[in-house]
Amino acid sequence: MSPLLEVRNLSVAYGAIEAVRDISFTVEAGQIVSLIGSNGAGKTTTLRTISGLLRPASGEILFQGKPIHAEPAHAILGMGISHSPEGRRLFPRMTVEENLQLGAYVRKDDGVQADMDRVYELFPVLGERRHNKAGLFSGGEQQMLAIGRAMMSKPRLLMLDEPSMGLSPIMTQKIFDTIKELQSLGTTILLVEQNALAALALSDHGYVIDLGRTTLDGPGHSLLADQRVRDAYLGEVH
Amino acid sequence: MSTVAISEKRSALAPLGKPLAIAGGVLAVVAALLPWVTFSLNDGNWPDKSTLQFFDAPFLVTGFRWHMLLFGVFILVAALAPTPSRGRVLRALGWGTLAVSFINALYITIKGGGLGAITALDGEVAFGGVVGVVAGVLVILASYGIGIEPVADWKFKVSTPVAYLVLLVAFGGVLYAVAAMLTTGGVGASNPYAGAIFLSFLGFAGGVLAALSGVGLVRWISALSEEHRVFSVIVLAACALLLPFTDAGNEYWMTVAANIGIYAATAIGLNIVVGLAGLLDLGYVAFMGIGALVAANFSGAATAYFGFSLPFPVAAAIAAVVAGIFGAIVGSPTLRVRGDYLAIVTLAFGEIFTRSAQNDIGGFTNGSNAIPGIPALSLFGAEFNRSITIGPVKLPGGVLYYILIVLLVAATMAVFANLKFSRIGRAWIAIREDEDAARAMGIRTGKMKILAFLIGAMLAGLAGAVFAHKNGTVSYESFKFLESITLLAAVILGGMGSIPGAVLGASLLFVLPEKLRDFEEYRLMIFGLALILIMRFRPVGLIPDAHRRAEMAEKADENAEEAHVEARKA
Ligand SMILES: Nc1ncnc2c1ncn2[C@@H]1O[C@H](COP(=O)(O)OP(=O)(O)O)[C@@H](O)[C@H]1O
Ligand SMILES: [Mg+2]
């Protein structure tokens, strides 16, 4: 049985700048897998390539055993990979509800309303203020909306790019609890974080990326215990 | 929330707000009744008995003194009755009073030789203008004293029949206002004071409209009309079709209104591209030109490319398709270029179109000789430019064109509204807001942007086909850069993404120059000034779309909201 997502020897370049060099990793169905690494390591570039927003220079991306790296973004989303981008990228002038509707843009079935209600159940604060503009919410609430919006396409694999960015420790914890909950509800999660401590504590498997390469990998708890990881990344966590 | 922001301004004037407003209202009434000019002007009495006379018969005449009287009464009502957003309403009425007084006083001063004309001369006194200006200033000050609260939000719901009734009355009012605006001051230069009378009327209409908007009525009615969209469109179309039966029902205004309609339909098409999808198009009128040329060449005119004529609906459909194809071609660079660069591509396309049309490239345009002699449309033998008689009613010439164009505008509105609230419309708006995020939602941004260009161009092509027959001549001169800019101004002025906004914008942009003929060489200057003022005081446009309105409100609310969020966290 092939893994849900397999990235093989992926390289991505912006013109002459090689942002990702020969990265490989796998995500098994049902897992939370995190990519950690410092700023500029190539994590965002990797996610954008998986979701079809960038094209790889070389390497392969397989989803459920099928190569997807030549597919357009909307097709990849349709296959079940959803991407909550770095910096959340909500539509700030649209309401919560309109944002969620756009999250379901590629869907043609009629379960959208039910899924929207599920998002409101998960994040009651969004339900209460569903007709308010997204731009007026606090950072943590906006992150909830970003996750909710990404869930609206009913993904098999949810990719989250730095969900804890700019959030208070309490709010970060809340978001990470939600991620755990989404996993228990059956969604596989690929998490990108600079906040290595929190991310690894939650992950079934982790990969450390440095200057565009995977340097280390292992189960979340063993990476947490690894002295090299502790020196390089955990020291940075405030 | 907003009390914080206002409290500073409030401090000095606050206790004086109400007394100032009452004083201003009384002065406005007094100003209306006082004489305004100390002697008869060269071109005859200033209209409506204002010269050397007290205003003793207010209900028998209209005109600016009647408007001043109404302003005075409205101000007193707003000051004394429990008015929502009182400061905002008073501010609008104050500016209206000031505008009407100032325009009239200024004009009298210029035409009557100096300030003596509006003060005292030869033992005669006429202080109407001065008192009016003072009244306006007092009321504006009063409004800041009272404080400018946010526009009141009317929450109450009404049953459907009541809503229908409200909408009927509202649209009836709009019809009345449009007819009044067209006819006020007479046609062209037939009245020596036409320009000033019209400007003064605009001051009145603007003040009243802003007051109604301030009190929350306009927002409430537009929410109602959005809720009952189909009914609104029908009533609006019916109102438009009633225009020939009003005072504006003569050949001249039928022609002007038909031309406005053609540009309004085109502006709605442009609004898809600019307002919904957020793509700046500086050469849009070229698509209208293409449509007009296609229709002209299939019209059987002597210099047409094809020696035969097609029935108008067929020719119009071909015009729309051809324009649409060009739209898609021009739109295709959107896949690669964004923002300013795209604007330059469209600008270049507009220029290419005019230059090739001027030089008759391909033999479709007849160069600078244009294609004249395009036959008028006819239906069952009735030519569209003739007057028609139905039983006892005689309708003016051009009325059939007018009706056709009203239907055209209604159809483009319907297309726009359906698109805006569809999945496609949501995709466009998402692209406008954040193109990368839109892609992450699975929106095929390239395809959607080209689609916007294609549909926009088709609507322009259709309007162009009607234009060809209505005007009888198609020349490249009608489709130059300035026309594109005027259309763009219509969209921005009316409110991007808003349908009534595009119609209003087109109306203003094409009526104003017509109405300001009296000012001859100053006409374009006044016109430009009016545009600057509107954009200064209403940057979202006259009738903004909800998202655009949100954008502006956001700026005001941001601080308050952040404080609120922080407070809740703590
Ligand atoms: N649009 C871009 N154009 C050129 N270089 C880029 C672009 N985006 C990112 N990079 C570069 O690619 C490298 C990886 O960036 P990124 O994937 O954003 O890293 P991370 O998400 O791990 O912080 C960095 O050196 C960054 O400067
Ligand atoms: Mg990043």
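Glycine is treated like the rest: Cβ placed from N, Cα and C.
What TrEMBL records for this protein:
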- B:92-110: transmembrane segment (TRANSMEM)
- B:125-146: transmembrane segment (TRANSMEM)
- B:158-181: transmembrane segment (TRANSMEM)
- B:193-218: transmembrane segment (TRANSMEM)
- B:230-246: transmembrane segment (TRANSMEM)
- B:252-277: transmembrane segment (TRANSMEM)
- B:284-306: transmembrane segment (TRANSMEM)
- B:312-329: transmembrane segment (TRANSMEM)
- B:399-419: transmembrane segment (TRANSMEM)
- B:450-468: transmembrane segment (TRANSMEM)
- B:488-512: transmembrane segment (TRANSMEM)
- B:524-543: transmembrane segment (TRANSMEM)
Within-chain partners of the transmembrane segment (B:450-468) [C-beta distance under 8 Å, separation at least 6 from its ends]: 262-263, 265-266, 268-270, 272-273, 276-277, 279, 281, 284-285, 287-296, 299, 312, 315-316, 319-328, 330-332, 334-335, 374, 401, 404-405, 408, 412, 415, 419, 424, 428, 474, 478
Run the contact check on the transmembrane segment (B:193-218) against the transmembrane segment (B:230-246): 3 or more C-beta pairs under 8 Å, excluding pairs closer than 6 in sequence. no
Any residues 6+ beyond the ends of the transmembrane segment (B:399-419) with a Cβ under 8 Å from its own? 229, 233, 236-237, 240-241, 243-244, 249, 254-255, 257-258, 261-262, 264-265, 268-269, 271-272, 276, 377, 379, 382-388, 425, 428, 455, 459, 462-463, 466, 470, 499, 503
Beyond the flanks of the transmembrane segment (B:524-543) by at least 6 residues, Cβ under 8 Å: 199, 222, 489, 492-496, 498, 500-501, 504-505, 508, 512-513, 516, 549, 551-552
